[in-house]
Amino acid sequence: MSTELTTTAPAAPHLGVGDRVRLWWDALPRQAQWVVGVVGVLLIALLPVLRPPVLTTVGTDFGGVLAQFGMYALLAIGLNVVVGQAGLLDLGYVGFYAIGAYTVGLLTSPSSPWNATDDWLSRDWAWLAALPLAVAVTAVSGLILGTPTLRLRGDYLAIVTLGFGEIVRLLADNLSTVTGGGRGLNQIAYPVVAQSETRPNGIFSAGNTAVPFNSGTFWFWLSLVLIVVVLVIVGNLERSRVGRAWVAIREDEDAAEIMGVPTFKFKLWAFLIGASIGGLSGALYAGQVQFVVPTTFNVINSMLFLCAVVLGGQGNKLGVILGAFAVVYLPNFFLGRTELFGIPIDGNAIANYRYLFFGVALMVLMVFRPQGLFPARQKLLTYGREVYVMARKAATALAGRGAGTAAATTTDRPGGAR
Amino acid sequence: MSALVLAGGQVLADGVIDFNVGALGRNFWSLTVSGLTYGSIYALVAVGYTLVYGVLRLINFAHSEIFMLGMFGQYATLMLLGFNPSGDVYQQGVLLTIVFLAVAMVGGMVVSGGAAVGLERIAYRPLRRRGAPPLVFLITAIGASFVIQEFVHFVLPSLTGNTLGGVNAQQPIRLVQPATQFEVFGARVSNVDLVIVASALVLAFAVDRFVNATKFGRGIRAVAQDPVTATLMGVSRERVIMLTFLIGGVLAGAAALLYTLRVPSGIIYSGGFILGIKAFSAAVLGGIGNLRGALLGGLLLGVMELYGQALFGTEWRDVVAFVLLILVLMFRPTGILGESLGKARA
Amino acid sequence: MRTRTPRVAGLALVLAAGLAVAGCADRSTTGGTEADPTASGSAAEGGGTSAADLSIQPLVQVDAEGAEVEAAGDGSEAADPAGDGSASCSGIAIAMAGALTGPNAALGTNILNGATLAVDQHNEANPDCQVEIKQFDTQGDPQAATQVAPTIVSDTSVIGLLGPAFSGETNATGPIFNQANLLSLTASATNPSLTQNGWTNFFRGLGNDNSQGAAVANYLTGELGFSTVCVVQDDSDYGIGLAEVVTETLGEAANPDCAAEVKTGDKDFSATVQIIADAAPDAVYYAGYYAEAAPLLSQLRSGGVEAAFASGDGSNDAQFVSQAGSDSEGAYLSCPCGPAPEPFAADYEAAFGQAPGVYSVEGYDLATIMLKGIDSGVSDRAGLVEFVSSYSGVGLAKPYEWDSTGELASTTTWLYEVQ
C-alpha cells in the first residue's frame with residue numbers, strides 16, 4: 001500500500017524508486033494499467049475496514065478521517081487543474097467548496113427558506129438531486145468570478161481570488177435570513193439507502209456508527225468513486241487539446257497566445273472545471289456533516305488546500321491526492337496518541353501545531369523541492385508516454401550514467417489509480 | 001438558474017441588505033475622519049508591499065505578519081519600560097507620553113524591520129539564488145505567514161512566560177486617552193486621530209524623499225526599472241533588496257504602533273491577516289509599485305470602506321473593501337496612479 | 001558622510017521623522033486637553049480606578065420575568081461527587097467532548113477541569129469505584145466533531161458524555177449520540193433549537209439563550225428602568241440567538257436604528273460606536289463573547305458613549321475585565337451559570353492553578369450527576385439516560401431537573417456586575 005512513506009535512497013547512479021515505478025507503470029499496456037488501477041483502488045478502499053494497527057487514527061474515527069480525506073482529495077484534484085495544470089494561483093478555492101456545500105444546504109435543510117424537501121423533493125433522494133445542482137451552481141460561480149478576473153496577471157489573480165473566498169464566507173455569514181448566518185443550516189439531507197434493523201436511517205446517516213462499516217467508511221467509498229470518475233475526466237482532458245493548451249498557458253502565456261491558443265477561453269475552462277470539482281466536494285461535505293456554518297469555510301482552508309497541491313506536486317493529479325492525504329491524515333494521526341513505537345509523545349500538542357508544521361514544510365519544500373514531493377512529468381506529445389519509456393530505457397541501458405538526473409529523494413507511489 | 005436569479009431578487013426584497021443613506025449623510029464627515037485614520041495605517045503598511053513588489057515583482061504575502069510582529073514589538077517595549085498590561089489609561093503627562101510613544105514606536109520598528117530583513121534572508125534569498133518562479137515565492141510567503149503566526153500563537157508564550165502571545169489578545173497598555181481636540185463640520189477629531197494621520201503623512205513623506213531624492217533611493221529605483229543594467233552600473237542588487245525589506249518593515253512597525261493607539265486590544269497573533277489584505281488592496285488601488293499610489297490608495301480605501309460600512313451596515317465592511325479591490329482590478333488593473341516605482345521620477 | 005554610513009543615515013531619517021511626529025502630534029494633544037478640561041478630567045477619573053481592583057461580582061438572581069429570586073444558598077447542600085464512599089463499579093468511563101485545542105480551547109478546558117475535579121473527588125472517596133474521564137478534542141469544528149463522535153460511541157466503557165460543548169458541533173453530532181443512546185449532557189451549548197430535534201439522550205445543564213435573554217431584557221427595562229437599549233450582536237450562533245430574544249423581550253425599548261452586527265475576531269468597532277453614539281441609548285446590550293465585548297466597551301467609552309453596558313455569559317470572564325480595564329466598571333453581565341462557591345473555587349485553583357472559568361461549575365455539577373448515577377449502580381448507557389431524565393437534585397450552581405425535551409425544568413439567570 002505504502003501510501004505516504006517517502007524513502008530516501010542514497011544518491012546512487014541509477015533510477016530512484018519513484019522513477020522505477022513510473023517507468024514500470026508507463027510501460028504497462030493500457031488494459032494492464034486499468035487492472036492494476038482497479039486493484040489499487042480496491043486496496044485503498046479496504047483501508048477503513050482493515051484498520052491497520054499503527055495507521056489507524058486513535059483520537060478520531062478512521063473512517064471519518066478517510067471521508068474527510070476523500071473530500072480534500074477531490075478539492076486537491078480540482079485545485080490542481082487550476083493551479084497545477086493551468087498555472088493560475090487561486091487562493092480563494094474554499095469559496096467554491098462553500099458554494100457547493102451551501103447549495104445542498106439551502107435546498108435540503110429545514111431551516112433554509114428555499115428548502116425543497118418538505119415540498120416536492122423526497123428527503124431520501126434530496127441529497128442526490130442536489131448534488132448535480134451544486135456542481136452546476138459552483139460551475140456558474142466559477143464563470144462569474146473568472147470572466148472579469150482571468151484577464152489579470154498571476155499575482156493579482158491570487159489576491160482577487162483570496163478576496164472572493166472571503167466574500168463568499170462573508171455573504172454566508174451576513175445574509176442570515178437565507179443562510180442562517182452564524183447559526184448555519186442543520187439537518188441537511190443525506191442519501192438514505194440500505195436501511196436495516198441496525199441502521200434505521202441507512203448507511204450514510206451520521207447515526208450509523210457500527211465500526212468498521214460506519215457512515216465515515218461509506219462516505220469514503222462514495223468519494224472514492226467520485227474521485228475515480230473525476231480522475232478519468234480530468235486525465236482525459238489533460239491528454240486532450242485542452243490539457244496541452246493549459247500547459248502552454250502555464251509555461252508562457254504570451255507565447256501560447258501568439259501560437260494561436262485562445263488563452264482566456266482555456267483559462268476560463270480550467271477555472272470552471274476546478275470550481276465544479278470544488279462544488280462536488282462541498283456537496284459531499286454538506287451530506288456527511290449535515291450541517292454547514294460559515295466558519296468552516298475560512299480562507300485559511302484555502303491555504304490548506306493549496307498546501308495539499310504544492311506538497312503533492314503541482315500538475316500531478318495522483319501526487320496531489322497524496323498531498324491531501326498528508327494534510328488531512330497527519331494531524332489526525334497524532335491527535336490523541338500518547339506513544340508511537342513505544343516512544344511517549346504528546347500527540348495532541350503536535351496536532352495543535354499543525355499550521356506551524358505545514359508552514360515549515362512549505363518553506364523547506366520550496367527551497368529544496370519546489371516541484372513537490374511527487375513532481376509531474378509533462379507528456380505533451382500524443383505518444384509522449386511511449387517515447388518517454390523508450391528514452392528512459394535506453395538511458396538506463398547506458399548503465400552508470402544519469403547520476404544527476406535521478407533525484408536523491410525518491411518516492412514510493414501507490415501502485416494505484418489512474 | 002432562474003431559481004438563483006429569483007433568489008437574488010428575494011435577498012434584496014427581504015431587506016437583507018439595507019441601504020442606509022441617511023446614516024452615510026448624517027455622519028459623512030466623521031466617517032471621513034475615521035476613514036483617513038485607518039487609511040493612513042493602511043498606507044504605511046501598503047508601502048511595504050509596494051516597494052517589495054516594485055523591486056522584486058513579488059507579493060510579500062507575509063508582510064501582514066511583519067506588521068503583527070511590530071504590534072508585539074511595541075508592546076514588549078512598553079512592558080520593558082515598566083508598564084503593566086491593563087485596560088487602564090496611564091496618566092504620564094504629555095511629555096513623558098511622547099517619549100514613551102516614540103520609544104515604543106522605535107521598538108516596533110526594530111522588531112518589524114528586523115523580521116522583514118530576516119524573512120528576506122531566510123525565506124526569499126535562497127529562492128532567488130535558485131531563480132525560482134513567482135509562484136514559488138508566493139507559496140513560501142504563505143508558509144512563512146503560517147510560521148510567524150503560529151510562532152506567536154504557540155512558541156512565544158512559552159518563551160516569555162505567558163506574557164506575550166498565545167490565544168488571547170494582549171491586555172492593552174493605553175498611554176493616550178482619546179479626547180476630542182476640535183471639530184470639522186461636526187466631526188470630532190481626537191488626539192489619536194491627529195497623531196496617526198500626522199505621523200503617517202510625515203513617514204510617508206520621508207520615505208518618498210528617501211526613494212526619490214537620495215542615492216540609495218536611486219539605487220532602488222534603478223533596480224526596480226532594470227535589475228540587470230542596474231547591477232552592471234554598480235548597484236548592489238542584494239543590498240537594494242535588503243533595504244526595501246527594511247524600509248517596508250520599519251514602516252509596518254510604525255503602523256503597528258499607530259494601529260494599537262486606535263485599536264488597543266488588537267494585539268493578537270491573527271491580527272495582521274485582514275489588515276494585510278486591505279493594505280495590499282490599498283497598494284493595488286493606488287497602483288502597486290508606486291509609492292504615492294500606496295498613500296493615495298490607503299487613504300481612499302480607508303474612507304470608502306467606512307462609507308460602505310455606513311451605507312450597508314457594519315458587517316459589510318470587509319466585503320466593501322474586497323469588492324472595491326475587484327472593481328479596480330477589473331477596470332483599471334494598473335491602479336489609479338499607474339504602477340511603476342522605477343518611473344516615479346522626482 | 002552619506003556615502004560612509006548610508007543605511008544608518010536612511011534609518012535615522014525615518015526614525016527622526018517618526019519621533020518628531022509623535023512629539024508634535026502629542027503636543028497638539030496637550031493643547032486640546034487644556035482647552036477642554038472636562039475631557040482631561042474624565043480621563044483622569046478613568047485612570048483613577050485600577051483594573052486590578054475590579055472583578056465580576058454576583059448581583060442578583062432573576063427569573064425569566066426579570067424578577068429577583070432568592071439565591072439557592074452557599075452550595076453546602078449541593079450534591080457531592082464523593083457520595084458516601086461505598087460505591088462499587090469497574091471499567092466505567094465518562095467522556096468529555098469539546099474544543100481542547102484551537103481558538104476556543106479555553107471554554108472546553110474550563111468544562112473539562114470542572115468535570116475532572118468531580119471525578120477525582122469521587123475516585124478518592126470511592127476506592128472500589130474508579131471512574132475514568134476520557135477527553136475528546138473536537139476543536140470546536142463540526143466536521144472534526146463528526147470524526148470524534150464515532151470514536152466515543154465505539155468506546156464501550158463510555159456510558160455518558162459531557163458535551164458537546166458548542167451548538168454547532170452538537171448539531172452535527174446529535175444524530176450519532178442519539179442513535180447510540182449515549183447520554184449527551186451539555187454544559188455550554190445554549191442554542192434553543194437543539195432540544196427540538198427529538199433527541200431523547202440530550203440534556204442541557206443550563207438555561208438556553210431564550211431564558212437568559214428574556215431575563216436580562218426584563219431586568220434592564222424593569223429593575224434598571226432603561227427605556228432605550230441598543231442591541232449589538234456578533235455573528236456566532238450564540239450571539240444571534242441571544243440578541244434575537246433580547247430584542248424581542250425588550251420590545252419598544254430596543255432601538256432598531258442602532259442594532260448593529262459585529263464579526264467574531266473584530267477588534268475595531270468605530271462604525272458601531274458611531275451608530276450607537278448617534279442613537280444615545282440608556283444602555284447597550286452586547287450578545288457575544290468577551291474577545292469582542294471588551295474592545296467594544298472600551299471604544300464606546302473612548303467614543304464618548306456613557307450608556308450602561310450589559311452582556312451575557314459569553315462575556316462573563318475575567319478576561320473581559322482585564323481587557324477592558326477600568327472601562328468595565330459597572331458593566332452588567334448575565335449568566336445562566338451560578339457563581340462558583342468558595343470551597344469549589346479553592347479546590348479548583350489548587351488543582352489547576354487558575355480560577356474557575358465560565359461553565360466550570362456546570363462541568364462539575366453535570367459530572368457529579370453522572371457519577372451519582374454510576375454510584376447508584378447504573379452501568380450501561382440506557383440506564384444513565386434513564387437516571388438523568390428522572391434526576392432531581394441541587395448542584396453547586398442551581399437545582400437540576402429536566403423536562404421531557406431535555407431543558408432544565410426551572411431556569412434562573414444570575415446577574416453580575418463589574419465592581
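Cβ coordinates are placed from backbone N, Cα and C, and glycine is handled just like the others.
Automatic, uncurated: that is what TrEMBL annotation is.
Per TrEMBL, the feature transmembrane segment maps to A:32-50 (among others).
The transmembrane segment annotation in TrEMBL covers A:62-83 (among others).
Per TrEMBL, transmembrane segment is recorded for A:88-105 (among others).
According to TrEMBL, the feature transmembrane segment maps to A:125-144 (among others).
Feature annotation from TrEMBL assigns transmembrane segment to A:156-172 (among others).
Sequence-distant neighbours of the transmembrane segment (A:218-237) (same chain, 6+ residues past either end, Cβ-Cβ under 8 Å): 41, 44-45, 48, 63, 66-67, 69-71, 73-74, 77-78, 81, 203-204, 208, 243, 273, 277, 280-281, 284, 287-288, 317, 321, 417-418. For A:218-237 (among others), the entry in TrEMBL reads transmembrane segment.
Residues annotated as transmembrane segment in TrEMBL: A:268-285 (among others). For the transmembrane segment (A:268-285), same-chain residues at least 6 beyond its ends with a Cβ under 8 Å from one of its own Cβ atoms are 70-72, 74-75, 77-79, 81-82, 85-86, 88, 90, 93, 96-104, 127, 130-131, 134-139, 141-143, 145-147, 150, 219, 222-223, 226, 230, 234, 237, 242, 246, 292, 296.
According to TrEMBL, the feature transmembrane segment maps to A:291-311 (among others).
Annotation source TrEMBL lists transmembrane segment at A:318-335 (among others).
Annotation comment: TrEMBL describes A:355-376 (among others) as transmembrane segment.
For the transmembrane segment (A:318-335), the residues of the chain that approach it from at least six positions outside its boundaries are 3-4, 55, 57-60, 65, 68-69, 72-73, 75-77, 79-80, 84, 227, 304-305, 307-312, 345, 347-348, 350-351, 354, 357-358, 372-376, 413-414, 416-418, judged by C-beta separation under 8 angstroms. At the 8 Å Cβ cutoff, the transmembrane segment (A:291-311) and the transmembrane segment (A:88-105) share at least 3 close pairs (sequence separation 6 or more) and count as touching.
Stretch with the most C-beta contacts under 8 angstroms to the transmembrane segment (A:125-144), considering only A:88-105, A:156-172, A:355-376: A:88-105.
When Cβ-Cβ distances below 8 Å are used as the criterion, the transmembrane segment (A:156-172) is approached by residues 88-95, 98-99, 102, 145, 149-150, 179, 181, 294, 297-299, 302 of the same chain, each at least six residues removed from its ends.
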